[in-house]
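Feature list (source: TrEMBL):
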- 74-184: domain '3-dehydroquinate synthase N-terminal' (DOMAIN)
- 135, 136, 148, 157: NAD(+) binding site (BINDING)
- 187-330: domain '3-dehydroquinate synthase C-terminal' (DOMAIN)
- 190, 253, 270: Zn(2+) binding site (BINDING)
């Protein structure tokens, strides 16, 4: 094999461990890796319109040249396609193409494509193989790793889903280099998250190397992507089904999901909503005496310096709280929050009074 990944990160699980392969301009190598992990010549490529227009035909050509039978299913894109109606259509496509229990699904796209394709793979014929080919920074450092799949209901995000691990995460950084700025920045919110919850050195690096990160310096980008994947792999390896430690990865998400839902998934990108959510999680930590105001301000400053929003706009605090009560992480009427207790340290709290939430939401 002439071209090797720039970095390889192993996700060690009791069952179904897998590699995250991080390379650049090496999509042509996909068929070689598929031959190692797929027992079937029949594949289903699932993508969205934008990504398919960029790379779909190229991927199909590479795989067909290697002897694979490949069918494609192209989603309209956007959060609106994460629903049961689209899932039903997708199952029909898979059945119509004749996918069997040895077939493999390829998820070519961002987090939404990965969620939908992964859930389709998890549930079709009680589970078939799938591979993540993330094309956004957010998907690469977060949603493509760890096996969370699912779709939305009108009442909230990801209320129907499964933990289902991919056989491989195949990352070509060339996709990240070609992202529009807004899409790149939304992924940086998840990168910042890892610095807040787990890795003080990563947080410091992001503070000190903003220009390199923003300009997508090759060495810098490879390093931060690999580090985020290492952190995610370490956490998932210890807590695959989110019974404890893995919950830390939800920093900013309880607030963020409410912001997304209340704006009809149009007011914020996922990363933007999480960015604002992390600021309010830090403020909650201040109110509870878990973190200093200066550390909270430092978190907010880093988020703002990367061009991400710092406010939820004109949403009602009461509506935000009501929406959070419908979050799937709410148990026995108690909303679960992840809060920083320092830079690079975090914990779960679930005994938060509504008065505290109103207090911080009005700051």
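Here the Cβ of each residue, glycine as well, is placed from N, Cα and C on the backbone.
Overlay of TrEMBL annotations on the structure.
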residue : record              : DSSP class
135     : NAD(+) binding site : coil
148     : NAD(+) binding site : strand
157     : NAD(+) binding site : strand
190     : Zn(2+) binding site : helix
253     : Zn(2+) binding site : helix
270     : Zn(2+) binding site : helix
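The Cα atom of residue 190 (Zn(2+) binding site) lies nearest to that of 136, taking the binding-site residues 135, 136, 157 as the candidates. Between the alpha carbons (Cα) of residue 157 (NAD(+) binding site) and residue 253 (Zn(2+) binding site) lies a span of roughly 11 Å. Taking Cα separation as the measure, residue 253 (Zn(2+) binding site) is nearest to 148 of the binding-site residues 135, 136, 148. Helix, strand and coil counts under DSSP for the domain '3-dehydroquinate synthase N-terminal' (74-184) come to 49 helix, 33 strand, 29 coil. Pairwise Cα distances among 135, 136, 148, 157, which the record gives as the binders of NAD(+), peak at 21 Å. Using the Cβ center of 190, 253, 270 for Zn(2+), the list of other same-chain residues with Cβ within 8 Å runs, in sequence order, 138, 142, 189, 193, 252, 256, 271, 273, 274. Here the C-alpha separation of residue 148 (NAD(+) binding site) and residue 270 (Zn(2+) binding site) works out to 16 Å. Summarising the environment of residue 190 (Zn(2+) binding site), the number of other Cβ atoms within 10 Å of its Cβ, over all protein chains shown, is 26.
Averaged over the domain '3-dehydroquinate synthase C-terminal' (187-330), the predicted model reaches a pLDDT of 96.
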